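According to Swiss-Prot, the protein has these features:
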BINDING   116, 118  Ca(2+) 1 binding site
BINDING   124  Ca(2+) 2 binding site
BINDING   139, 143, 151  Ca(2+) 3 binding site
């Protein structure tokens with residue numbers, strides 16, 4: 001569970017699973033989006049857990065361009081490759097087999113290095129390096145914005161070091177039924193996802209900061 005606080009709030013807002021936050025005032029909305037962009041150096045936006053521990057910038061996933069968001073970006077792949085390496089560490093027999101095969105490959109290459117006229121040197125290849133060389137990445141098959149959102153959420157759920165996903169103005173591209181389906185999936189995985197919207201998102205449960213800067217809950221069960 002993540003809490004958010006910024007100057008116009010009287011008290012922190014709890015982001016429990018899927019949370020929709022609508023901000024009617026354009027200047028306040030754009031300012032908050034900017035604070036999220038600059039979270040690593042920003043002092044106005046506070047994100048923290050129920051133990052009052054501040055969220056690190058590396059724990060935040062911010063999506064402002066759904067179709068342009070690269071789930072295979074270098075930072076994400078680094079986390080995935082690291083997780084795969086840990087999986088091998090938990091399976092000693094499989095890890096041993098891979099290391100033996102890697103050693104065989106190294107020996108063959110070493111022999112060719114010795115045969116070469118140049119004075120060549122080499123290093124032993126690690127499992128992590130093998131994963132990178134094999135080009136391990138996420139298979140992307142999304143054809144619609146809804147499918148891309150679902151794909152991003154799945155990646156976020158897999159990445160244990162990410163603790164808050166924020167979609168900016170995604171409601172403009174999604175039907176009510178699609179938003180409901182995304183929220184249902186998010187609530188099942190029990191991780192914090194914030195939909196930050198400049199206008200009310202249908203008649204769904206949401207928090208609204210109106211033009212008088214009052215925070216109200218609408219359509220809450």
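Don't overthink the numbers, they just go from 1 along the chain as shown.
The backbone N, Cα and C atoms fix where each Cβ goes, glycine too.
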**Request:** Using C-alpha positions only, work out which of the binding-site residues 139, 143, 151 is nearest to residue 116 (Ca(2+) 1 binding site).
**Result:** 139
**Request:** Provide the number of Cβ atoms within 10 Å of the Cβ of residue 124 (Ca(2+) 2 binding site), excluding the reference atom itself.
**Result:** 11
**Prompt:** If you count Cβ atoms within 10 Å of the Cβ of residue 118 (Ca(2+) 1 binding site), leaving out that atom itself, what do you get?
**Reply:** 6
**Item:** Intrachain C-beta neighbours of residue 151 (Ca(2+) 3 binding site), sequence separation six or more, cut-off 8 angstroms
**Value:** 71, 138, 140, 142
**Request:** Express the distance between the Cα positions of residue 143 (Ca(2+) 3 binding site) and residue 124 (Ca(2+) 2 binding site) as a whole number of Å.
**Result:** 41
**Asked** Taking the center of the Cβ atoms of 139, 143, 151 at the recorded Ca(2+) 3 site, which other residues in this chain have a Cβ no more than 8 Å from that point?
**Response** 140, 141, 142, 147, 148
**Asked** Rounded to a whole number, how many Å is the Cα of residue 118 (Ca(2+) 1 binding site) away from the Cα of residue 139 (Ca(2+) 3 binding site)?
**Response** 40
**Alpha-carbon spacing, residue 139 (Ca(2+) 3 binding site) to residue 124 (Ca(2+) 2 binding site), which is rounded to whole Å** = 29
